[in-house]
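Structure, as structure tokens:
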Amino acid sequence: MLPVVALVGRPNVGKSTLFNRLTRTRDALVADFPGLTRDRKYGQANYDGYQFIVIDTGGIHGDEEGIDEEMAKQSLLAVDEADVVLFMVDARDGVTVGDQAIADHLRKQNKKVYLVCNKIDGIDAHSAMADFYSLSLGELYGIAAAHGRGVEQLLEICFKPIAEEYPDVIVPKDVASEELEHDEIDYDKLPLKLAIVGRPNVGKSTLINRILGEERVVVYDMPGTTRDSVYIPMQRNEREYVLIDTAGVRRRGRIGEAIEKFSVVKTLQAIEDANVVLIVVDARETISDQDLNLIGFALNAGRSIVIAVNKWDGLQNDHKEEIKRELDRRLGFVDFARLHFISALHGTGVGHLFESVEEAYASATQRISTSKLTKIMEMAQEEHQPPLVSGRRVKLKYAHAGGYNPPRIIIHGNQVKDLPGAYQRYLINYFRKSLGVMGTPIKVEFREPVNPYEGKKNQLTLSQQRKRRRLMKFLKKKK
């Protein structure tokens, strides 16, 4: 489970600036969920190799009588989802009525709250911050989010309690990858964690109940560490699975479509915890921007994906063809993912989903030798040579595996970091086709040889120093 950090405060205190600074990594999800989360923005961020979800709650107003209860329930829902709350105030404005109202609300919550004074650049920070001790929220932390001043120190302090609470969950990525490269992991013997995600009322509940009903095995609900998600162990064809159900707890017989509460945090955490993500979309509504956001997050997280288009039964043939054309147009960036047309209610096509799930997992965890990867790279070069960069041909020397789940291929060569994006995509697609990889993203990294003398000054030998002194004396005499 990824820990959650919520940014709370009045409008224009710098929450969005800090949000953008924290989510500057390539893995960041910079997408809004309009209509589902109000003003809240959710992003994936990275600090010192640690992954976490950050929420920008949007501006919260207050008055002399405090925050309106109903508005607080809506605007401060992120506080309930958070492990850590960063309460941001504007050091230049001093304490306002809105700050006091928000502080009163936060003191009632059983959450770790850090009071962050933003915009301390160019002013006497100590005197400006002193006023905020009246909010009675403990120590103050001064930052300038626009310039990054104090942000790293703040994160270091924030992550101490999180690391203590989740020592087995939050592991720096470089450590995890080293363990993955050196330990022989038998993925076939591990339970396959399958997250079923999607927008509200696309049929997730019905699909999960259909899967569990078809298996006719004794299952039980095992509450996971992810908020409100349910981890359901099951077995299919002698294969162990764990279904990660983000739709909440329900009785098996209750398969009617109720209005589901959509929790973005719950969904993103389920994606991070899964091996394969089954994304359910509604055929009658076609693909939406929110569906694309979920797919994009799964890809950025390196998860294998399978897409299920639900409620396919009962549609006219011409309508089905129209939907297929729309899916082809909007899902071109994930053409490697298997697409299934199903009816969770009637069971049509549900059994075939697991064939694609197992295929995607096998593709993500297959071991590939250095010789095979290098051979494929050489074949790709023979068909299409790398382009010229500054008049010189880019040289690709060899390739090797850098990790699994998802597959990570590292290519060594000269000037490889200058390869244009089009050629990088060509290599990824060539590797995918040659390896027969389906359902999982492939990550390719490029590395150049390190020059050990780069940035170092040459030391003169004794004879060179004497020669230099003689030359300097000669030049002085000429003047």
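Any Cβ shown, glycine's included, is placed from N, Cα and C.
Look at Swiss-Prot and you will find 3-166 tagged as domain 'EngA-type G 1'. If you average pLDDT over the domain 'EngA-type G 1' (3-166) in this model, you get 77.
Within 10 Å of the C-beta of Lys15 (GTP 1 binding site) there are 27 other C-beta atoms, taking all protein chains into account. Secondary structure at Lys15 (GTP 1 binding site), taken from DSSP and collapsed to helix, strand or coil, is helix. For 9-16, 56-60, 118-121, the entry in Swiss-Prot reads GTP 1 binding site, with the evidence type sequence analysis.
Annotation comment: Swiss-Prot describes 192-365 as domain 'EngA-type G 2'.
Sequence annotations record features per position, and here Swiss-Prot assigns GTP 2 binding site to 198-205, 245-249, 310-313 based on sequence analysis. According to its DSSP assignment, Asn201 (GTP 2 binding site) is coil. Within 10 Å of the C-beta of Asn201 (GTP 2 binding site) there are 16 other C-beta atoms, taking all protein chains into account.
The feature domain 'KH-like' is assigned by Swiss-Prot to 366-450.
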Cα proximity to Lys204 (GTP 2 binding site), best match among binding-site residues Gly9, Asn12, Lys15, Thr57: Thr57
For Thr246 (GTP 2 binding site), the one of Gly9, Asn12, Lys15, Thr57 that lies nearest, given that the binding-site residues are compared by Cα: Thr57
Binding-site residues: Gly9, Asn12, Lys204, Thr246 - member with fewest neighbouring CB atoms within 10 Å: Asn12
Summary of DSSP states over the domain 'KH-like' (366-450), given as helix, strand and coil counts: 32 helix, 25 strand, 28 coil
Pairwise CA distance, Ile120 (GTP 1 binding site) versus Asn201 (GTP 2 binding site), rounded so that it is a whole Å: 46
